[in-house]
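Each remark here refers to the structure printed beneath this line.
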């Protein structure tokens, strides 16, 4: 009998230790984000938040270029995108981009040695299109990026290929005849949940419907399947993990679907999803033929972007550091006649400005990071 107890206690201790490995080490802290007692809150762990801030520090901007001087088009050949710059500003921009994208490889990562005008290197073709992407983002997608904007560093962080890109995942091989349809793999793409492991392809590459919640008490008229709902929740887990926030950063706890009760950040997220689709479909996919196999997935699709590509665990990329404003080359020289987004946000969201039951968020619980919720994404009336 005593022997049984001696064996049982260590076994219980081992099981308990394994279970606790899945828990986050305390102390978590809670920031109220709405009415009291209704779970409108953001949860932060000061230790993890401090690490996130260190990982999302911006780099210093280069000194401003001297005004005036010859146009880059008069000096260099085959400048197609940045031709409206002076030579001084063009050179400054090239130096900055090199430090943001290929600090080890240098200029020859994108240029043929001895012939900078040549297009006989795929990275130059890609980088030219990426300049167009950044300029279009900063000039035409203010509903998403507001005045903060983006730079090459927002995604690349000193790497030729951004750390957080994705391709369509075929999933692990299945020896049995029953396939789990991408579920129960504890994948990082869905924050290690049991949800389908590829929330990207249907929603951030394709334009499948994300909403699955019925708007009536009975399910009449809502033909959404359980599988579709699980895919949607997989996307929500990915967004939450990418931004380092709870569901209530965008949604109201009592009614996730209702735009009138949602927070202003949901409007920004609506535009963000469409912005990501625009990037993947109109900027990345057209480059697929120019890319080598090392820049593609098992199905031959190119490395694409998702929320994590820019945000990297921060509710705003680089916690809202405004790097783009120091580089005029990263904006289109003249405003576009129409933004690339052809859709309008749901009509009810306009009412969410006054109706959303949320208060101005309190400062985050870590002194160095007073911003994670306080400096929230722009409210709908600013979009």
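A Cβ is built for glycine as well, from the same backbone N, Cα and C atoms used for every other residue.
Database features, via Swiss-Prot:
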BINDING   94, 107, 110, 111  heme 1 binding site
BINDING   130, 152, 155, 156  heme 2 binding site
BINDING   144, 307, 310, 311  heme 4 binding site
BINDING   236, 247, 250, 251  heme 3 binding site
LIPID     23  N-palmitoyl cysteine
LIPID     23  S-diacylglycerol cysteine
REGION    335-383  region 'Disordered'
Integer Å distance between the CA atoms belonging to residue 250 (heme 3 binding site) and residue 152 (heme 2 binding site): 27
Residue among the binding-site residues 107, 110 whose Cβ has the most other Cβ atoms within 10 Å: 110
Fewest-neighbour residue among binding-site residues, criterion Cβ within 10 Å, set 94, 155, 250, 307: 94
Proximal but sequence-remote residues of the same chain as residue 144 (heme 4 binding site) (Cβ under 8 Å, at least 6 apart): 137, 268, 271, 272, 275
For residue 236 (heme 3 binding site): DSSP state (helix, strand, coil): helix
Position of peak Cβ density within 10 Å, selected from the binding-site residues 251, 311: 311
Assigned conformation of residue 311 (heme 4 binding site) - DSSP reduced to three states: helix
Other CB atoms, at most 10 A from the CB of residue 156 (heme 2 binding site): 19
Binding-site residues near residue 156 (heme 2 binding site), in sequence order, restricted to 110, 236, 307, 310 and a 10 Å Cα cut-off: 310
Separation of alpha carbons, residue 310 (heme 4 binding site) and residue 250 (heme 3 binding site) (Å): 18
Minimum Cα separation from residue 247 (heme 3 binding site), reported as the residue among binding-site residues 107, 111, 311 that achieves it: 311
